[in-house]
Amino acid sequence: MAAHQEKKLAEERKHQNMQNGTKVSQGQWGRAWEVDWFSLASILFLLMFAPLIVYYFIMSCAQYQCSLTDPLLDLLTGNKHLSDIWNRTPMLTYRAAGIYSLWVTFQVVLYMCIPDFCHKFLPGYVGGVQEGAVTPAGVVNKYEINGLQAWIITHVLWFANASFLHFFSPTIIFDNWIPLLWCANILGYAVSTFAMIKGYFFPTNAKDCKFTGNFFYDYMMGIEFNPRIGKWFDFKLFFNGRPGIVAWTLINLSFAAKQQELYGEVTNSMILVNVLQGIYVLDFFWNEAWYLKTIDICHDHFGWYLGWGDCVWLPYLYTLQGLYLVYHPVQLCTAHAMGVLMLGLLGYYIFRVTNHQKDLFRRTNGNCRIWGKRPEHIECSYTSVDGTKYYSKLMTSGFWGWARHFNYTGDLMGSLAYCLACGFQHILPYFYIIYMTILLTHRCIRDEHRCSSKYGKDWKRYTAAVPYRLLPGIF
């Protein structure tokens with residue numbers, strides 16, 4: 001009865017919106033409908049050069065001790081030719097293909113076949129079947145949240161093998177690092193291509209598809225909003241959360257094992273990288289249900305940007321600090337190590353508390369206390385693709401009163417800590433903070449452009465109340 005009444009009210013609101021001449025903008029959510037020249041140029045640049053960037057970084061470590069300039073100098077001076085560098089690069093092997101196939105299959109099994117049990121005994125953890133945000137077409141998808149469980153099972157088996165079973169060496173990932181790169185690329189391109197074909201010929205929900213008419217843009221940014229196979233296998237959640245992020249901590253552990261094998265010890269810098277990045281990964285899985293309401297799930301379509309990016313870019317470039325420390329072990333002085341630890345923990349605290357404040361505000365509809373008082377907010381409204389008008393609130397209290405994306409500020413502090421753990425001899429480990437600064441700044445602008453289209457004049461009221469994006473008083 002209640003569901004029937006809600007549906008009736010939604011139809012009445014939709015009818016009223018149409019009677020009042022409300023224009024439904026299909027471009028207010030998700031990615032763009034039209035492609036400008038700058039977007040197209042950016043897309044083409046990434047499609048052509050992002051795989052080369054990954055290869056260049058990994059090759060530089062394997063052949064040039066992580067120097068980013070020596071390969072270019074060799075090529076420019078004629079000491080080496082591209083063929084020389086390529087011929088020294090390990091190729092795809094049957095061993096790597098078997099390892100990678102087993103890894104992805106194992107993560108699919110954990111994702112699809114083992115319902116979450118962690119939420120039954122971990123206080124405060126939200127797992128099991130959860131609902132995502134409403135899509136532009138008005139659909140609410142359900143998800144099986146079991147990422148923390150998958151991470152725990154995977155790492156228990158990893159440590160059991162390293163300590164007792166000895167089926168394979170803990171250095172197996174490092175020892176097959178470049179052959180595994182080719183496997184990751186094959187999967188990334190395969191799933192991106194399949195997602196595009198699926199969007200054209202058998203989409204999960206045709207109303208949540210977007211076609212710009214530009215092949216490269218549609219391939220890069222995706223056509224389908226939530227491509228699925230069957231009821232539960234969601235491409236976006238699986239590839240965002242597995243296998244790349246589950247592998248992140250395993251990759252770092254393999255790097256630490258290689259450092260132990262080569263030098264007889266694991267340096268405090270490697271321990272810091274493992275601990276700080278491990279906290280970030282665990283936070284992701286502990287809050288996987290919250291992740292359903294973030295920009296990746298709520299707005300991004302599934303294309304090469306997510307498919308290839310999650311398979312290749314994330315596991316290979318987010319772990320550069322650990323890889324660098326295998327080639328250049330760094331033992332930090334106590335003051336340096338403590339400073340890195342404090343910066344990383346403070347960044348995590350800001351990141352987590354800021355997100356918690358927003359989540360608490362949403363869950364209670366503003367009926368809560370932030371920093372000891374009722375939160376201030378802006379009342380706003382927006383219209384979905386089906387013409388239904390929705391109402392929302394944008395918080396202007398707590399950390400969200402300091403800056404519109406203060407959670408990103410904490411994220412950047414943590415990212416900087418990972419890099420500082422590697423010392424100052426090479427720029428390669430600092431790629432991460434440079435990349436994250438560009439990524440999160442672009443995400444701020446992209447998100448605010450979307451919010452401006454979505455909320456209209458209400459968004460202007462919000463930005464007037466919270467004038468800074470990332471750094472209070474600066475930007």
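Positions of Cβ are set from backbone N, Cα and C atoms, glycine also.
Taken from TrEMBL as is:
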- 1-15: compositional bias 'Basic and acidic residues' (COMPBIAS)
- 1-23: region 'Disordered' (REGION)
- 37-58: transmembrane segment (TRANSMEM)
- 92-112: transmembrane segment (TRANSMEM)
- 148-168: transmembrane segment (TRANSMEM)
- 180-201: transmembrane segment (TRANSMEM)
- 302-320: transmembrane segment (TRANSMEM)
- 332-351: transmembrane segment (TRANSMEM)
- 415-440: transmembrane segment (TRANSMEM)
Next on the checklist: Checking distant contacts: for the transmembrane segment (332-351), what same-chain residues at least six beyond its ends satisfy Cβ-Cβ under 8 A?
Outcome noted: 267-269, 272, 275-276, 279-280, 283, 399, 406-407, 409-418, 420-421, 423
Checklist entry - Taking a Cβ cut-off under 8 Å, which residues six or more beyond the ends of the transmembrane segment (415-440) line up next to it in the same chain? => result 57, 60-61, 66-68, 269, 272-273, 276-277, 317-318, 320-321, 324-325, 328, 330, 332, 336-337, 339-341, 343-344, 347, 405, 408, 470
Item to check | Dominant neighbour of the transmembrane segment (92-112) in 37-58, 180-201, 302-320, by Cβ pairs under 8 Å | outcome: 180-201
